[in-house]
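Everything on this sheet refers to the single structure shown next.
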Amino acid sequence: MAVMEHHLHEASGARRHLPMEYRDVHQSLRILGFWLFLATDMLLFACLFATYLVLRTHTDGGPTPRELFDVPGFTAETFILLTSSFTGGLATLAMRNGKKGQLIGWLAVTMLLGLSFVALEAQEFVKDALEGATMQRSAFLSSFFTLVGTHGSHVSVGIVWMFLTLLQVLRRGITPITARKVFIVNLYWHFLDVVWVFIFTIVYLSGVVM
Amino acid sequence: MWEGFRHFADTYLMWNEGPLIWMSDVLILLTSIGIVAVLTYFKKWKWLWDEWLTTVDHKKIGIMYLICALLMFFRGGVDALLMRTQLALPNNHFLDAEHYDQIFTTHGTIMILFMAMPFIFALFNIAVPLQIGARDVAFPYLNAISFWLFFFGALLFNISFVFGGSPDAGWTSYPPLSELAFDKGPGENFYLLGLQISGIGSIATGINFMATILKMRAPGMTLMRMPLFTWSVLAACVVIIFAFPALTVALALLLLDRIVGTHFFTILHGGNPMMFINLFWIWGHPEVYIVILPAFGVFSEVVATFARKRIFGYGSMVVALMAISVISFFVWVHHFFTMGAGADVNTFFAVATMAVGIPTGVKVFNWLFTMYRGRIRMSLPMLWTVAFVPCFAIGGATGVMLAVAPADYQYHNSYFLIAHFHQVLIGGTVFGMLAGMYYWWPKMFGFLLDERLGRWAFWFFNIGFYVCFMPQYALGFMGMQRRMYTYPADLGWGTLNFISTIGAYLMGIGFLFMVAQIIYSIRYGQRDLTGDPWDGRTLEWSLPSPVPHYNFAVIPTVEDRDYWWVLKQQGRTQELRPRPEEIQPIHMPKNSGRPFLMGVAFFVAGIGFVFNWYVLAVLGLLGVVACMVARAFEYDDEYHIPVEEVQHTEAALGRL
Amino acid sequence: MANASGQHTAFGPGPGAHGEEEHKHGAGLYIAGYILSLVLTAISFWLALTRAMPLGPLMLVLIILAGLQIVVQLFFFMHVTEGDGPPWHSMALLLGLIFTFAIALMSMWIMSFHYQVQ
C-alpha cells in the first residue's frame, strides 16, 4: 500500500541487494508481520507445553507415556518432518533463483512429506484410541493429544496453504507478491519443524526415558 | 406446536424467568425495529455498508470501536448498578443469587474485554497513524477483521442475556465451577467463545500496530522522536502479542473439557483446576497492563499539551513503559498466592509485583514534574488527568499492600481487593480513556465536547467514585467477601454498603451527563476549524479536523520531537502544508465486505459450538475458510486517488 | 495491499529479467543445515534411547540440543539475518523465546505444590 511511497522513491535502487521477497517494501512489511505472528504462535505452544509438563504425570492409572509412545513411529515422523523442512528451504532457494519449475516441484515434495507426516500421526492417534488411550481417559492424555494435535492441525493448515500458494505461482509465476507468499509459507513450515523438535524432545524422548 | 414453542421460549428465551427478561426483550426488539426503520426511512443502508461496514480506514474503525466501547460501558455500568442496588441493604432480595452471579460475571467480563479493550483500540486506531505520519496502519484489511471479530465476539457474549442464559461463573471463570459437571447451561460456552473470538482479533491488532509503529513512521521520525502515546501503544502491543495466546489456550482447553470431555481442569481423572487459574493469569495480569499502558500514553500527551511544556524525562518514560511491559509477565501468581504454592514461589512473585511499582512511580513523578511551573489549562482532558494522579497513587499503594504475600491471605477475595482493582482500573484506565476521548474527539468528529456539561460529568463521576469505593476498603477489612449476593443485618456492613451504593449512582449520573454532553455537542458543540484546538504538539494536530481519508497529502519529514509544536514556535507551520507540485497519486486500500462476513461466519460458528449444534459450527467455520481462501487469491485490492482529487480536497480545506 | 504493477513499484522488471545480473544462490547452506539437523536429532535419539546419562543431565543435554535445532532452522532455513531495516523480528523472537521458557518452566515450578485429588 502506498502509505509508504516516500520510502519507495529512495529505495528503488538501494533495495536491489536485498533478497527477492524483501525488495518491495510492502512485501517486506508483511514478512515482518508474519514473524510477529510466529512469535505469538510460539507463545501458544508455550502454554500447551506448560500444560503438558504439569499434567504429564497425571495418568490416573491409565496408560503412561512410556507404555504409549511407539519409538519407530515417532522416529519416522521426525525424519519426515525434518526432511520436509529441508525441501521447503529448497523451494525458497528455487524461488530466489527465479526457477519456477523447481519451486513448484519442491513445494509439491514438501506437501507430500507433510501429508505423510499427518497420515502417520493420525494412524498413531487412531491406534492409541483403539487401545483405550483416548483424550478423555486422563489429564495426561488430554494434554498429550491437545499439544501434538495442535501441531498436527498446524501442519495440515500449512499443507492447504502451501497448495494455495502453489496454485498462485502456477498462475502468476514468480512475482514480488508470490515470492513473498512462498517465503512466508516456508517460514511457517520451518517454525512447525522447530515446534516438532521440542515435541519429540519434551514429549516423546522424555516420555520414553522416564 | 404450542408445547414446542413453549419449550423453546423457556429453554432459549428464558421467558419463564419473569418480567426483567420480558422487558429486556421488548426493549431490544423496539431498539432493533427503530434502527432498521431509521435506516430504511432515510435510505441509509447503502451508506452504512459502503462507509462503515466495509471500511478499512483506521479512523472509521476507531470510531466504531469507540461507539462499541461506550455502549458496553453503559451495559457494564447498568450491571454494576443492579449489583449495588442489591447490596444496598442487608437481606435484600431485589435479585436472587443466580441472577446476581450472572450479573457480576457479565459486569467484569464486559468491562475488561468489551469496554476497556475496544476503548484502547479506538485510541490506537484514531491516533497512532496520525502521530507517526502514516496513511493507514500496516495491514488495513486485517485491522477491519480485528474489529469485526471483536464486534461479533462481543455480540455473541451479550446475546446470552436474552438467548440461552448468561454465564455465571465469574469473569475469571474458574474451574471446577465452570466445568460441565457444575455448570450445565450454555452461558459458560457463550463466555468461552465470545472471548475466544474477540481475543483472536486482539492478537491481530497487536501484530498490526506493532508492525505499523516499527515500519511505517514518516521519514525522520526516529523511535526517540515518537510521541509517548505511540510508545505506550508499542509497549501494549508487546504485551498483547505475548500474553493473549495464554488466554486462547486457557479458553480452548476449558472448552475442550466442556464439549469433548477431556480432563484438563476437572477434579476427576487427574485434571488440575489450578492449571486453568495459572494459564488465565499468565494472560490476565499482563492484560491489566495492556489496558493501563495506553492510558499512561494519553496522560503523557495531555500533560505536555495542557502544561505547554515538553514532557519531563522522555527517555525515562520510554524505559519505564518497556520495563513495565516486560515485568508484567513475571507477576501473575499474585492472583493466587493463597493456592499455597510455597514460600519460594510466593516470595518471587511478591517481589516482582512490588518491582512494577518502580517504573510506574517514575512515570507519575515525571507527569508531576511536567506540570510543575507549567501554564496549566484545566480543560476536560487535563481535568481527568489531574484526577487520575491521586486516584492511581492510592490504588497503587493498596496494590503494594496486596502484593505482600502473607498479608494477601487476609485480603484475598475480600472487598479490599475489589476496591483496589476498581481504583486502578477506573482511576487509571477509565480516566485515561475518557481523557483520550475528550482530547481526540475534535480530531475524530470536527467539534469539541461541551465543557460545562463535561465538568458536571467529571465531578459526579469523581465524587461518586470515592463515595463508592472508599467504603469498600473498610468493608474488606470487616470481612465482606466478593461475589456474595446478600448479607445478614447483624454484621454491621449495612451503612457502608448503603454509602457505596449512593456513590455508584452518582457515577451513573456522571455517565448520563456524558451522554447529554455528546448529544448536546453534536448540535451545539464548538466547531474545530483550525484542526488544532488544544494548541497541540504532535503531528495529528497539523491536519484538519476531521482528517481527510488519506491523512497526509504529502508525508512530512520530521526533524524533532513534538515537531508540530517546534514548527509553531519557529513560525514554520507552512512547511507542513502540502505544496501542489509535491502532491502525487496516493494508493489506498480498497474497502472490503469480507472482514464483516468473516465476523458473521465466526459468530455462526460460535453459536453452533455454544449449543453443540455442530452442523452450524462446521458451516460457520467453512465460511471463515472461504473468506481466507478468497483473500489469498485477491490481488487487486488497491486504488489510486488521482492528484486532482487530492488537490481538490486540500484546496477545499484551505490548505493549498 | 501491495500492488506490484503500480507506478511506484520499487521492484522494476520481473525477477526473470535480471536473473543474469545476479549470481545464483547455491544449495550448500541448505544441505549443511539439513545435515546438521539430522545429526543433532540423531544425537538426541541416541542419548535418550540408550539412556546414556542420568536423567537430570540427560534432560539438560536434550534441551540444549533442541535449542541448537532452533538456531539451525533460523539461520540455515529461515534467513533470520536477512531483511531490511533494524532486525525487529529477531528481537520479537528473542523476547518471545524468553517468555516461552519462563512460562513453561515457571508453570512447572508453580504447579509443583502438593496438590492431589484422587
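Note that Cβ sites are derived from N, Cα and C of the backbone, with glycine treated the same way.
From a predicted model like this one, the values you see are computed outputs, not experimental measurements.
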Need the matching range: TrEMBL marks transmembrane segment on one of B:536-555, B:596-615, and I'd like to know which. B:596-615
Stated TrEMBL location of transmembrane segment, expressed as one of B:417-441, B:617-641: B:417-441
Cβ pairs under 8 Å between the transmembrane segment (B:417-441) and the transmembrane segment (B:190-216), at least three: no
Residues outside the transmembrane segment (B:596-615) whose C-beta sits under 8 Å from one of its C-beta atoms, at least 6 past its ends, are 53-54, 144-145, 148-149, 151-153, 155-156, 164, 186, 189-190, 193-194, 196-197, 255, 259, 621-624, 626-628
